[in-house]
Amino acid sequence: MAALQKSVSSFLMGTLATSCLLLLALLVQGGAAAPISSHCRLDKSNFQQPYITNRTFMLAKEASLADNNTDVRLIGEKLFHGVSMSERCYLMKQVLNFTLEEVLFPQSDRFQPYMQEVVPFLARLSNRLSTCHIEGDDLHIQRNVQKLKDTVKKLGESGEIKAIGELDLLFMSLRNACI
């Protein structure tokens with residue numbers, strides 16, 4: 001019994017020492033609460049479901065038929081400008097969250113029946129990326145996302161339709177960046 005207590009005590013002391021070292025490491029960084037791991041990953045199987053993939057692309061196609069502004073691209077090279085490959089999933093998480101909250105939820109009564117199936121799927125992806133963070137400064141990413149938001153808002157309802165019409169690009173960009 002004494003040996004078991006000594007073993008448990010040693011384990012607890014080791015855990016305490018490790019915790020103290022971790023706390024010291026954070027203090028040395030100036031107290032920055034940078035995450036240990038980014039959690040910016042999605043399972044490949046999320047993008048291998050033919051039915052929901054088809055519905056996502058059909059929704060995008062239907063909305064793009066209503067999009068009369070062919071001069072503007074929301075999800076393209078400009079969005080990724082200055083963003084490293086390792087930060088792209090975080091960027092796409094930000095775009096996904098904006099698209100859900102500011103575009104899809106308010107427009108949920110349109111483009112049926114696709115919308116009612118695609119929105120919950122994208123919301124699940126957003127939920128799975130909820131712990132996705134990057135270490136350090138994300139100002140360059142926030143700037144790029146803000147430009148996208150400003151473009152959508154400037155275009156009004158036409159911008160929202162354009163964002164829905166680019167759900168296929170959002171889907172592919174999430175897949176490329178997050179798996």
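Backbone N, Cα and C define each Cβ position, glycine as well.
Now, the feature entries from Swiss-Prot:
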- 1-33: signal peptide (SIGNAL)
- CYS40-CYS132: disulfide bond (DISULFID)
- ASN54: N-linked glycosylation site (CARBOHYD)
- ASN68: N-linked glycosylation site (CARBOHYD)
- CYS89-CYS178: disulfide bond (DISULFID)
- ASN97: N-linked glycosylation site (CARBOHYD)
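A map of Swiss-Prot features onto the structure.
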residue	record	DSSP (3 states)
CYS40	disulfide bond	coil
ASN54	N-linked glycosylation site	helix
ASN68	N-linked glycosylation site	coil
CYS89	disulfide bond	helix
ASN97	N-linked glycosylation site	helix
CYS132	disulfide bond	coil
CYS178	disulfide bond	helix
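With all protein chains in the displayed structure included, the most crowded Cβ environment within 10 Å among the glycosylation sites ASN54, ASN68, ASN97 is that of ASN97. Distance between Cα atoms for CYS178 (disulfide bond) and CYS40 (disulfide bond): 6 Å, as a whole number. Cβ environment of CYS40 (disulfide bond): CYS89, TYR90, LYS93, LEU129, CYS132, HIS133, ILE134, CYS178 lie under 8 Å away, each six or more residues apart in the same chain. ASN68 (N-linked glycosylation site) sits 25 Å from ASN97 (N-linked glycosylation site), taking the Cα positions as reference. For the disulfide-bonded residues listed here (CYS89, CYS132, CYS178), the lowest count of other CB atoms within 10 A around the CB belongs to CYS132. Annotated pair ASN97 (N-linked glycosylation site) and ASN54 (N-linked glycosylation site), C-alpha to C-alpha distance, rounded: 21 Å.
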